[in-house]
Amino acid sequence: MRREIWGLQCIPCLGAPRGGDGSSAGHNLWIDIKLPVHSTSTMALLAHILPPPLLLLLLLLPYSHAAPCHPQPNATHFICTEPTLSTFPSGLPPTTVAISVEFTAITTIAPNALAGLPHLQELHLSSNHLAVLPEALLQPVPTLRILDLTDNLLPDLPAAIFHHSIHLQHLVLQGNLLQALQPTWFVHLTQLHWLNLAGNALLEVPPAALRPLRSLHSLDLAHNHLQHLSADTFVGLQMLERLDLEGNQLRALPPTLFIPTPALRLLFLQSNTLQVLPDGIFSPLLHLRVLDLSHNHLQALQLPPRSPGPPLSLDISGNPWACECSLLALLQDEALQLIAAHDTRCASPAQHQGEEVAAVSQAGGEGCQHGGGKQRPLDH
């Protein structure tokens with residue numbers, strides 16, 4: 001159920017930077033909002049700048065008429081989620097370090113909208129109606145660390161829009177209309193840790209386009225229209241720990257795809273159309289802890305090497321598995337935690353069709369014998 005809070009709050013000396021002795025820097029925090037409680041980024045911002053008792057008080061405020069989103073002098077954080085707002089607010093004070101303008105009717109932003117904000121570090125513009133961004137928009141804010149453009153209408157971005165954003169660490173472009181990635185976007189983003197491109201209409205990832213992102217830890221390409229990936233798609237991403245490719249149209253993967261990403265810990269490949277996994281494709285992934293291959297068209301399985309630490313969390317449900325000795329042996333490994341085992345069933349051979357793969361594996365598999373920790377066909 002959606003709840004909304006209306007109001008204008010002035011909170012003296014809270015949320016402002018504090019000295020080493022805990023004393024306030026003496027700024028006022030003005031929050032001028034119509035706040036949807038389900039706005040994740042807005043609530044995260046409030047939780048960061050407000051102590052828990054004051055955050056609870058804000059959530060319990062009685063409903064009132066919305067106040068216009070006017071910036072206040074010396075404020076450090078500006079939050080506005082007025083649905084009828086059609087123009088990006090102007091006159092923000094130079095002390096501003098975080099802006100959240102979300103769930104509004106804004107369709108454009110002027111090239112100089114962020115001029116005079118030399119300390120800006122966070123810009124949240126999710127759930128607006130932005131269809132275009134000016135190339136010079138971010139030029140006045142080289143200290144920007146977080147940019148969230150979730151759920152807008154952007155079909156493209158200017159080639160040089162991030163050329164001055166050398167300190168950017170989190171970039172969220174989820175839920176737009178992007179059809180192509182421009183390699184020029186990423187040339188200067190060497191400090192980027194988090195890149196979310198999910199829910200667009202991307203048809204491909206240009207070879208080596210992501211190479212400059214040497215600090216990237218998380219890459220989300222879920223729910224696009226990717227049909228294939230080149231072998232050098234992830235070249236340069238040696239620090240990548242999380243990769244999400246869920247909900248694309250991938251039918252095959254290059255055998256060497258994951259060689260450039262040895263630090264990978266979470267890999268999501270579910271809901272594609274994968275038919276075969278190349279031998280040894282996961283061999284470079286010694287630190288993998290989560291692997292989701294569910295809802296593909298796989299009959300045979302490949303797994304990463306065993307390594308010390310927690311068991312591999314594995315979801316292979318929704319595939320037409322051939323319950324042969326090699327698969328059954330893999331699943332007897334104690335270093336595996338099989339997720340959704342009830343929905344992981346054999347499609348062949350006929351005598352096991354429809355049975356749970358885990359049950360067949362635990363029973364030893366008809367026609368297989370143990371040997372050296374593996375199962376092999378019985379000699380006849």
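Glycine too: its Cβ is placed from the backbone N, Cα and C atoms.
Lifted from TrEMBL, the feature list:
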type	residues	note
DOMAIN	319-369	domain 'LRRCT'
REGION	357-380	region 'Disordered'
COMPBIAS	364-374	compositional bias 'Gly residues'
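In the predicted structure, the domain 'LRRCT' (319-369) carries a mean pLDDT of 88.
Counting residues per DSSP class in helix, strand and coil order gives 18 helix, 13 strand, 20 coil for the domain 'LRRCT' (319-369).
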